[in-house]
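Working notes, structure below.
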Amino acid sequence: MLQPHYNHVITTLQPCYNHLLLLPFPQYTFWNFVPKNLFEQFRRIANFYFLIIFLVQLIIDTPTSPITSGLPLFFVITVTAIKQGYEDWLRHKADNAINQCPVHEVQHGKVIRKQSRKLRVGDVVLIKEDETFPCDLILLSTSREDGTCFVTTASLDGESVFCVCFRPLGSENLLLRGATLKNTQHIYAVAIYTGMETKMALNYQSKSQKRSAVEKSMNAYLIVYLCILISKALINTVLKYVWQADPDKDEPFYNQKTDTERQRHILIRAFTDFLAFMVLFNYIIPVSMYVTVEMQKFLGSYFIMWDDEMFDEELGERAQVNTSDLNEELGQVEYVFTDKTGTLTENNMEFIECCVDGYVYVPDAICNGQVMPGATSMDMIDSSPGPGGKVRQRASLSLDGLYEYESEELFFRALCLCHTVQVKEEETVDGIKMGIHQNKATSFYISSSPDEVALVEGMKRNLFLTVWLSTGEYYLFCKGADSSIFPRVISGKVDVAPLTADDHVQRCSIDCCLTLCCLFSRLQDKAADTIESLQKAGMKVWVLTGDKMETAAATCYASKLFRRSTQILELTTKRTEEQSLHDVLFDLSKTVLRHQGNYKEIFLEICRNCSAVLCCRMAPLQKAQVIVKLIKSSPEHPITLAIGDGANDVSMILEAHVGIGIMGKEGRQAARNSDYAIPKFKHLKKMLLVHGHYYYIRISELVQYFFYKNVAFIFPQFLYQFFCGFSQQPLYDTAYLTLYNISFTSLPILLFSLIEQHINMDILKKDPSLYRDIAKNSLLRWPIFIYWTFLGVFDAVVFFFGSYFLFNNSTFTSNGQMFGNWTFGTLVFTVLVFTVTLKLAMDTHYWTWINHFVIWGSLLFFVIFSLLWGGIIWPFLNYQRMYYVFIQMLSSGPAWLSIILLIVTSLLPDVVKKVVCRALWPTTTERIQTKRPCLTSEQSTIFMLSQTSSRLSDPLSTYPHALSSLCVSAWTCSGECLQVPVDLHVHAVH
C-alpha cells in the first residue's frame, strides 16, 4: 500500500532581537580593543612605515638607536588609541541609550519591564502616552472608546502632525518605530519587525567613511616624501659603493665592520646599507604630524561646542560635534543641500487671511504688516487691482449672532467643522513645554496637520461660533488642497471679481502662504540672511523638499534664495507630456550651456550652471542618491553639505561630505546621525564662515609647517654624508633625533592650529566673500607645497654650509681646541630649532599670553634640556659623547654670532617674499584689513524641478533611461508657470 506523502517543511525560528545599530555604530569591545585598534592604526601608511623602520633598527646594525623611531611611534599610537577609545565609548553610550531603554511587555497576563533590545517578534507590549514605539508594531487594543490612537511621526518624516491609527487589521494600524503615542492613555500592540528590519532602519543609507580634502592632500604629500626618502637612500647607497671602489677609500675604521660583514655578498651588503640609509633619513616622514592633527581636530571641536552665539535659549542646546575628522571640511563647502520644512521654516502655521467670494479677510485688517485705522473684529481688505488698499466693511463678523452674508457664514462653518483638531493639556516635546501660559497649565490644539491647528486657532482668536439652523437644508462642507478641490468644482463662483480663487492661490503661494486660507509658514530667524551670506561666499544652495512647487518656491523667495531678477527654468511633467524629454532638456540647455551631451551630462550641467536649484516632491533616498550623489560624482568633485531636521533627511546627511542635523521639533534622528548638530539654521552661517574658515587655515598651516620643518631637519643629514664618506654617521645626537618632533617643536604648532585667527571673526561674518579665498583646497595646492618644501631645503642648506664654513679653518675655543662633529651637529640643530620656531612666530597674527608662553617656553626648554643633557654624566648611558658639548659651544663668542647670523639669513627670504607679495599682489584678506571691498550682485538663473509623489525611492541607476522614466512618469507641473513679477522669466514651452 502506498503511504501518503506529506510535503513537510520544518523551519526553525531564530530569535530576532530588537537591537538597532546606530550610525556610526560602536567598533570596539573591552576584549578586542587592543588588537583591533592596533590593526586599524597600522593600516595607515605612516604608522606601518615607522613600524617597519623600528623593526629594521632592531634586526640590523643601524646608525641610530631603535628608541629614535620606537618612542615617537609609541607616543602616536597611544594618543590615537586614547582618542578613538573615548569616541567609541561615547558611541556605546548613545547605543545603550537607544537599545537599553525600558519597555513594558505582557507575559502570562502580567506586565514586566525589560530592555528594548530584548524584544522579539511576537512580543506584546504596553505603550503609554508620550512613549516612543521601540519597534514596528501592530495595534491590538487602545484605551480610547472608538478604538483609535493618535501618534506623531515627527522623528520619521519631519512633519509635526498627528496621525490616527485604527484597530481593525490593515495598514492603518501599523505603528512604526520612532513614532510617539499622543493623546491616548495607553495601547497594547504586538511586535512584527525588530532591530535592523524595522522600516526606519531599512530606510537608512549605509554610512561610508568620510575623508576630508586635507587628509587626501596629506596622503599625497606623504607619498611624495616617501619617494624622496627612497631616492635619497638609493643615491647614498650608490655613492657609497662608488666611493669604496677606490682601494684607498675603503670603509672607514670607525664603523667597526667585522671581516665576516666585509666578506658578505655585495647585494646583501648593498641592501643592508640601503635599509640603514632609510633609517637614517626616515625622519623626513613626519609621523608626529598625524597625532598632532588628531589632537588638533579633537580639541578644536570644542570651540564649536563652547560658542555662546550658537546656543539656543529656547531649546537649551548648544552645537554638537559628532565627528571631529571633518572640521576643516567646513571651510571647503561648495554645495549646500537643505530641507525646507523645519529647516528653513519654523514648521508651524499662523492664520493670516482668507478669501471669501473674491474678497480677502484679515484679522484686524492687517495690510503690509500694519493694522489699518478704524479696523475692528474681522474686516475685509479691498484686494482689487490698483494702488493701495482700502478697508470696506462688507461683512463684520462678531458674536452678535447673524452673519450679514451667507457665503461668509458657510465658509467659516466649513473651517469650524472640517478638521481633526483635538484639545491637549501640557506636554513636553524634546525638552520644550507646550501648553504653558504664565506658569499655569493650559490647553492647546493638536491635529493631523499644522494647517488645521492654525485655522482653528484663527477662528478661536476671532471668537467665532457655529450655530446649526434647523432649516431642513443639507450642506456638504469640504476642505482640502487646491489641487484636489478645484478639479471637483463643476459650478459656482470660482472666477469672481475682484479676485479669482486661482489668483488668490497663486498670490498666497508667492507670499509663502497656503491657498485660500492664508496660513503663513514662518521662516526661521535669520534664515534669509544666512542663505544670502552663503551665496556671497560662493556656495550654491539647493532646496530638496517633498512639498509642492508653489509653496517651496514661495519659501525660496522669502529666504532670498530666489530673487525677482532671477531667470526661471522649469522641468515638469506637463512639459515632458507636451514635448519629449530630449526636446525639453535641449530647450533648457540652450539658456545656460554651449555644448551638448547625454541626458545625464546635460541635466548635470544645467543644474551646475544655475545659481540655485529647487527640487520638489523628493523621496528621502532620492535626495541622497539622485541629487547629492550626482553632484559628488561630477568631474570637479565639489565638497557638499546637507542639512535637515527629520529622519527623512538622514540619507541625505549621510551621503554628503558634511552632514548637519538641526535639533528641532521633529525629533533628533537627524542630529544623531549627522557629523554636526546645530539648534537653528542661522547657526550654519558662523559654523561655515567663521569656524570652517579658521579650521581650514589652521590645519593647512599645520600640515605645510610639519613637512617644512622635517625637510629642514633631515636634509642637513643628507648633506653630511658627502663629508663623511657615506658612512651613515648621524649628524645629530640620539636625544635630539627623538625629541625634535615630540617636544622641541610640537607645542607651538599645536597651539597655533587651535587659536590662530588671521583675521577678526567679525570681519569674516560681515564679508562672506573671504570664504572664496580658501575654496577648492587653495592653501594645500601643489605650488604652495613646493614652495614650503624648497623653503625647508634652503634653510637646511644655510644651516649646514653656514656652520661648515664657519667651522672651516677656525679656532672657536680660547685654548685653541677645535670643535668636533657633535659640536658641529649641535650648532646646526640649535639654529634649526630657533629658525623653525621663529618662522611660526612670524606667521602668527593672533597673539595671547599663551602664545608667548608656549613659543618662548619651547625655546627655553630646548636650551635647559641641552644644558642638562650635556652637563651631567648620565649613568644609564653607555656613551657620554654629548658631555660638555652644548656648554662649550655657548662659551664661544663666534658660536653666538654664527647662530644669530644663520637664523637671520634663513628667515630673510620668507620675510622679503611676504613684504613684496603684500605690496604688489595683496590677497583679499590683506586688503580687507585696510579697505572693505564693494560687493556686487550678479544676475542669476534658477532651476526648479517637481515630481508628483515621493513614492519613488530607488536611485537612478541607468541614468539616461531612468531620468527619462522619472521625468515622464513622475515630474509634475502644478499648473501654469509661476506668475511672479520678475524681469527675466522663461516659460520654456514648446
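Note: Cβ is positioned from N, Cα and C throughout, glycine not excepted.
Per TrEMBL, the feature domain 'P-type ATPase N-terminal' maps to 27-69. The transmembrane segment annotation in TrEMBL covers 45-60, 220-243, 274-293, 705-723, 735-755, 785-807, 819-841, 853-877, 883-908. According to TrEMBL, the feature domain 'P-type ATPase A' maps to 103-200. Taken from TrEMBL, the feature domain 'P-type ATPase C-terminal' applies to 671-923.
Comparison of 220-243, 274-293, 883-908 by number of C-beta pairs under 8 angstroms to the transmembrane segment (785-807) places 883-908 first.
Summarising model confidence by region, the domain 'P-type ATPase C-terminal' (671-923) averages a pLDDT of 88. Ranked by Cβ pairs under 8 Å to the transmembrane segment (819-841), the stretches 274-293, 705-723, 853-877 are led by 705-723.
Here the transmembrane segment (735-755) lies next to the transmembrane segment (274-293) in space: the count of CB pairs under 8 Å, restricted to residues six or more apart, reaches at least 3. For the domain 'P-type ATPase N-terminal' (27-69), the DSSP counts in helix, strand and coil order read 27 helix, 0 strand, 16 coil.
A Cβ distance under 8 Å defines the sequence-distant neighbours of the domain 'P-type ATPase N-terminal' (27-69), meaning residues of its chain 6+ beyond its ends; these are 76-77, 80-81, 84-85, 88, 91, 219, 222-223, 226, 272, 275-276, 278-280, 282, 285-287, 289-290, 728-730, 734, 737-738. If you look at the transmembrane segment (853-877), the same-chain residues 6 or more away from its ends with a CB under 8 A from one of its CBs are 733, 735, 739, 743-745, 747-748, 751, 826, 830, 833-834, 837, 840-841, 844, 883-887. Taking DSSP states H, G and I as helix and E and B as strand, the domain 'P-type ATPase A' (103-200) has 15 helix, 48 strand, 35 coil.
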